[in-house]
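S.K.: Got a structure for you, written out below as structure tokens; questions coming shortly.
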């Protein structure tokens, strides 16, 4: 049964230094699930825990690292324990036909099961060899094995091409569902995604409301208002595309849908749209800082500020960056998994411009706040107060947008150590990322005194209009009543 461990490991490229030779070796030899040997001709090699652990073992030399050797040895030891347990439990007793028999399937040991039931076990360490990651307590998912009503383990149909007879041969083999093991931590990651979806929906609704309020009630100078509206539009696009990615790509992946492995073009386009929209957020946030710079440090009439450069930076520059990013990602080595996986150092094409925009914007805003505070000691007027308020709002957004990219500079995987504090940081990251639109809406709209006063004036006008309409209606009714009374009096006089 230890030979079965080696047989399955030889089917994956990850653990081996020279996979071509190992793969040829796998094709030549076959294993028997009845005895602990690889069947070969003319020589047979016995595989035992003690044999594999020897320093000069030929199999050990073929493996890339001690990590893979450890997985193989662990698998062999579990196979031995399974065999001992089956013998101790008397797996050959007379009641065996009433149950699916106990079984070692090459990865783990399954106890006998009642017909029509499904057995579940935590994924074994051996299933991680193809992924090349260390199994941890928060990564483990559940594998399952079904016992059919006829007291046999579930089987699946397969086809094999016979090189000698040059034809396909259909056959069936026993099946254990290890698909959940291919996505470690899927259960917890699915919770992360669902939390993000809820927050993004809230953020999208609030940002859309903020956009309408800004469009309808904001009386700020035309150019500054235009910058705000474009910033809000980029946030709405980001929330929309992020929601689409979460629902149609990531949630499906962690539900163990194989769509992401097929790498369809629509999901690659969706990932690009999300990244482009997110990049426009940082470009328009920088535009907020630039236009305030022109109003504070180099004062100039608002009507002389040209919007062309802002639109080029806000909408055109992200397209240029993403175009180069797309070119690299479309290379064969990176063109997989719906472009959801990192390209390593090439990912800096996307990350560096974003961090650069944040740093430049921070420097501009801090300097502007210094200038405005200096001016407040010499001159005090309403204009300085408004500008100081605008700079303060923009400066407040820097940590909100910057904290997300701090996790790119110092990457970490909470599933590596399962430490509680790392999961707390991860929750902070996903909540902050999803709430960006809501926070911007609160700062620029809900906490904006001008917009609140405009809304109040609007409702006051509506109330006065309704009141005047009601008064006119009442006056008209009163006049009609008086006319009727006069008419009745005239009729009475005529009758008399």
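Sequential numbering from 1, following the chain as shown.
Yeah, the Cβs are placed from backbone N, Cα and C, and that goes for glycine too.
All TrEMBL annotations are machine predictions without curation.
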S.K.: Transmembrane segment per TrEMBL sits at which of 197-217, 260-280, 281-301?
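M.R.: Within the set 197-217, 260-280, 281-301, TrEMBL attaches transmembrane segment to 197-217.
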S.K.: Quick one: sort out which of 166-186, 229-249 is the transmembrane segment according to TrEMBL.
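M.R.: Among 166-186, 229-249, the range TrEMBL annotates as transmembrane segment is 229-249.
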S.K.: Given the ranges 147-165, 375-393, 394-412, which one is assigned the annotation transmembrane segment in TrEMBL?
M.R.: 394-412
S.K.: Of the ranges 424-447, 448-471, 472-495, which one does TrEMBL list as transmembrane segment?
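M.R.: Transmembrane segment, as annotated by TrEMBL, spans 424-447.
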S.K.: For the annotation transmembrane segment in TrEMBL, which listed range does it cover: 120-138, 310-328?
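M.R.: That would be 310-328, per the transmembrane segment entry in TrEMBL.
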S.K.: With pairs restricted to those 6 or more apart in sequence, evaluate whether the transmembrane segment (424-447) and the transmembrane segment (310-328) have 3+ C-beta pairs under 8 Å.
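M.R.: Taking Cβ pairs at least 6 residues apart, the transmembrane segment (310-328) and the transmembrane segment (424-447) are not in contact, as fewer than 3 fall under 8 Å.
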S.K.: For the transmembrane segment (310-328), what are the same-chain contacts with Cβ under 8 Å, counting residues 6+ beyond its ends?
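M.R.: Distant contacts of the transmembrane segment (310-328): 227, 230, 234, 272, 275-276, 279-280, 283-284, 286-287, 290-291, 334, 343, 346, 349-350, 353.
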